[in-house]
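As structure tokens, the structure follows; a few thoughts come after it.
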Amino acid sequence: MANYFNTLNLRQQLAQLGKCRFMGRDEFADGASYLQGKKVVIVGCGAQGLNQGLNMRDSGLDISYALRKEAIAEKRASWRKATENGFKVGTYEELIPQADLVINLTPDKQHSDVVRTVQPLMKDGAALGYSHGFNIVEVGEQIRKDITVVMVAPKCPGTEVREEYKRGFGVPTLIAVHPENDPKGEGMAIAKAWAAATGGHRAGVLESSFVAEVKSDLMGEQTILCGMLQAGSLLCFDKLVEEGTDPAYAEKLIQFGWETITEALKQGGITLMMDRLSNPAKLRAYALSEQLKEIMAPLFQKHMDDIISGEFSSGMMADWANDDKKLLTWREETGKTAFETAPQYEGKIGEQEYFDKGVLMIAMVKAGVELAFETMVDSGIIEESAYYESLHELPLIANTIARKRLYEMNVVISDTAEYGNYLFSYACVPLLKPFMAELQPGDLGKAIPEGAVDNGQLRDVNEAIRSHAIEQVGKKLRGYMTDMKRIAVAG
């Protein structure tokens, strides 16, 4: 099979990369009704599989789970989760032939085997759903022409998909129809009903394409979302210890610092995050971020180039075929790093202390978010998509580090994200070591003293922060999510 994106001509590639439309609330007036009375079978019962299924059932849909015979016979975790939540569970052969919509929510590396198994069992005119388009775009999976292929991609982990639904809200979601597989022209109706059933329409839905979702998702997770946090954690910890900081304190400052810093990012973008600093610290963080952007820009561009060309995917799929040798080696090496093995700090670190003593970390977040966003937009991805795949998801990933350091992050994210994370962080750490050697007192681990600043310089820096394109689109999207949340809670 050929990489689907690479079979398109340049005009088609640009059209699919640039497909992104923020959908109006009125477009979801029918809710999930298009799928009511139809049989929806989910393949896979992991975090997305279970939590999407719970939401869809609560929205009035007929949901069941198709699992491998061995998973049922051995009562594996997927079987236990589905049955304990009261779902009907059966084998592929028992459930797939009756399904109107089959949703494949297994890990990326299992998609080809799953799709090749279920396709012959699917009835004529059924629909196949994904929450990530890797199998279609990068693997180039060929789907029967009578089958409609759609995607609903919540921009949050499965657990948050469920929690936001229970609160009467939802999470921002991308939906798409594969242009090669919409024989009856009903793909968009199916995708909208599925998104509404998960609650996504209450938080904002982008009509996108399989191509735009995959290319932007891969770029975000490899660079700012995972790779930058891993590289930053390792570099900052080593620098703090080298400067004489207690390893336990250094570990806590970093482990919980990312989450604290990005909580401000979530509420008010880069502007609010930078406003948490004193004026002298803000000016220093801005200067550091500009240096970091200049150093890291070629690395971000290389990752985007390799994602667009398919080189990243072909390399990762070769590792799949080699029993994940590279992935497992990198995972083991990460677990042995000084940051991961440092003792726990029992003392308390106040919220503002994370900002005051984490100026470099804030600079890394700012540089990484802006670079990821800029690189995606320069490649033809629309700003709204780039925002969701950079700034929006960062607090969610930072939260995983706060739970159990880098180990937890790499367990929670997909194997695809983890593989890309290692590629980036293994290149980024040596790249930034000369920069780390030139840091000044107050950049990390110590607060920058209050002092006079030049009003003109502060004015210009504030304007540069606020006028960046990601701040403009972010303000619009965050405002929409807030408005939608008020509507959902009220009604």
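Each residue, glycine too, has its Cβ placed from N, Cα and C.
Features reported for this protein in Swiss-Prot:
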type: DOMAIN; residues: 15-208; note: domain 'KARI N-terminal Rossmann'
type: BINDING; residues: C45, G46, A47, Q48, R68, R76, S78, D108, K109, Q110, G158; note: NADP(+) binding site
type: ACT_SITE; residues: H132; note: active site
type: DOMAIN; residues: 209-344; note: domain 'KARI C-terminal knotted 1'
type: BINDING; residues: D217, E221; note: Mg(2+) 1 binding site
type: BINDING; residues: D217, E389, E393; note: Mg(2+) 2 binding site
type: DOMAIN; residues: 345-484; note: domain 'KARI C-terminal knotted 2'
type: BINDING; residues: S414; note: substrate binding site
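Features as recorded by Swiss-Prot, highlighted on the structure.
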| residue | record | contacts (Cβ under 8 Å, 6+ apart) |
| --- | --- | --- |
| C45 | NADP(+) binding site | G53, Y65, L67, A77, S78, W79, K81, A82, L105 |
| A47 | NADP(+) binding site | P157, G158, T159 |
| R68 | NADP(+) binding site | T91, Y92 |
| K109 | NADP(+) binding site | W320, D415, T416 |
| H132 | active site | D108, M151, A153, E213, V214, D217, S414 |
| E393 | Mg(2+) 2 binding site | K155, C156, G220, L225 |
Residue, out of the binding-site residues S78, S414, whose Cβ gathers the largest set of other Cβ atoms within 10 Å: S78
Sorted by sequence, non-D217, E389, E393 residues with Cβ within 8 Å of centre, Mg(2+) 2: K155, S216, M219, G220, E221, L225, Y388, S390, H392
Averaged pLDDT score, the domain 'KARI C-terminal knotted 2' (345-484): 95
Length of the line joining the Cα atoms of E221 (Mg(2+) 1 binding site) and E389 (Mg(2+) 2 binding site), in Å: 7
Structural state census, the domain 'KARI C-terminal knotted 1' (209-344) (DSSP three-state): 118 helix, 0 strand, 18 coil
Local Cβ density at E389 (Mg(2+) 2 binding site) - other Cβ atoms counted within 10 Å: 28
Helix, strand and coil counts within the domain 'KARI C-terminal knotted 2' (345-484) (DSSP): 107 helix, 0 strand, 33 coil
Site extent for NADP(+) (largest Cα pair distance over C45, G46, A47, Q48, R68, R76, S78, D108, K109, Q110, G158, Å): 21
G158 (NADP(+) binding site): tally of other CB atoms within 10 A of its CB: 22
DSSP state at R68 (NADP(+) binding site), helix/strand/coil: coil
Secondary-structure category, per DSSP, in which G158 (NADP(+) binding site) falls: helix
Cβ neighbour count within 10 Å of E221 (Mg(2+) 1 binding site): 25
